[in-house]
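Chemist: Have a look at this one before I ask anything.
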Amino acid sequence: MKKEILEVFDNTYPDRNYTIEIVNPEFTSVCPKTGLPDFGTITVHYVPDRTCVELKSLKYYFLEFRNAGIFYENITNRILDDLVAAMQPRSITVTTKWKARGGITETVTASHTAQG
């Protein structure tokens, strides 16, 4: 996954706290154990500081995971780390909610709050 794909633009209202919610209901990756596809919904909530993530670049970033063998927990934390690196938000939470596999569902949430 190439985090360099992520682009940002200047936040016009950096003095105001507001929350942006981004939902990708068609996220796909591959189970590293079975090689079978995994399907999930990725939700990102963040309070921007100086920059916001550009949605087209985020879409292409998410597509990078399509053929990657990676566990749910690692996907969630990788997305969080890459978004923090790209835009340094005041706060951000990434939640991944996975379709049932063998009758079991999983939801993973990872968060970050800027220091200072």
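In case you wondered, yes, glycine gets a Cβ from its N, Cα and C as well.
The annotation active site, thioimide intermediate is assigned in Swiss-Prot to C31. Residues or ranges marked as active site, proton donor in Swiss-Prot (evidence: sequence analysis): D38. According to Swiss-Prot, the substrate binding site annotation covers V53, E54, L55, Y72, E73, on the basis of sequence analysis.
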Chemist: Going by Cα-Cα distance, which of the recorded positions (D38, V53, E73) sits nearest to C31 (active site, thioimide intermediate)?
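Modeler: Nearest listed residue in space: D38.
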Chemist: Write down the Cα-Cα distance for D38 (active site, proton donor) and E54 (substrate binding site), rounded and given in Å.
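Modeler: If we compare the Cα positions of E54 (substrate binding site) and D38 (active site, proton donor), the gap is 25 Å.
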Chemist: What's the CA to CA span in angstrom from E73 (substrate binding site) over to the residue listed as 'active site, proton donor'?
Modeler: 13
Chemist: So if I measure Cβ to Cβ from Y72 (substrate binding site) and keep only same-chain residues at least 6 apart in sequence, which ones fall under 8 Å?
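Modeler: Once residues fewer than 6 apart are set aside, Y72 (substrate binding site) is near D38, G40, T96, W98, E106, V108.
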Chemist: List nothing but the largest Cα to Cα distance in Å, as a whole number, among the residues V53, E54, L55, Y72, E73 that the record says bind substrate.
Modeler: 24
Chemist: I'd like to know which of the recorded positions D38, E54, E73 has the most other Cβ atoms within 10 Å of its Cβ.
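Modeler: Compared across D38, E54, E73, the most Cβ atoms within 10 Å surround D38.
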Chemist: Select one residue from C31, V53, L55: among these recorded positions, choose the one with the most other Cβ atoms within 10 Å of its Cβ.
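Modeler: Going through C31, V53, L55 one by one, the largest Cβ count within 10 Å is at V53.
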